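Structure first, commentary second.
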Amino acid sequence: MSKSSSKLLKVYTRNNLDPAVKESTVKILNQILANLIDLSLLTKQAHWNMRGSNFIAVHEMLDTFRTSLITHLDNVAERAVQIGGTALGTTQTVSTTSQLSAYPVEIHNVQDHLKELADRYGIVANHLRDTIEEIQDPISEDIIHAALEDLDQYLWFLEANIEQDKTTA
């Protein structure tokens with residue numbers, strides 16, 4: 001197998017996936033990687049800076065989320081390299097590629113953090129759901145399914161902890 005001339009495929013591999021499939025998959029994986037890195041960092045931002053009711057339960061819950069996110073983003077990055085791509089996980093790339101809006105660093109209330117996190121977990125989970133049909137590599141599809149399964153659960157946990165206004169509930 002010869003080396004690819006693709007801009008995204010720079011690493012030689014004996015993996016025989018079609019080069020076009022590799023290229024489109026690496027592009028999708030790198031978008032997912034940027035989103036997951038950003039989500040893991042803002043999860044820690046909330047974890048460090050929250051105060052209020054249910055602090056310790058939410059604080060500890062977010063630690064488990066972040067640990068899981070690190071595993072998923074590592075799997076995504078490694079898959080991009082396994083099929084001949086480059087994992088683009090620098091802070092510079094994440095800051096320009098992530099689909100998440102800037103996290104409000106001035107908030108401290110647990111409920112405010114839960115709402116901000118739920119919005120962003122929803123964005124990332126929905127992006128995974130929307131792009132999974134575009135993946136033509138079964139291994140990458142499995143990796144995305146695993147991440148989506150956890151993100152949907154975490155979104156549910158976040159939403160379950162958001163206190164509803166009694167006038168609108």
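One is the number of the first residue shown, and numbering goes on along the chain from there.
Note: Cβ is positioned from N, Cα and C throughout, glycine not excepted.
The Cβ neighbour count for His47 (Fe cation binding site), using a 10 Å radius and every protein chain shown, is 18. DSSP assigns His47 (Fe cation binding site) to a helical segment in the three-state reduction. The Fe cation binding site feature in Swiss-Prot is assigned to His47, Asp74, Glu78.
Neighbours of Glu78 (Fe cation binding site), defined as other CB atoms within 10 A of its CB across all chains, total 12.
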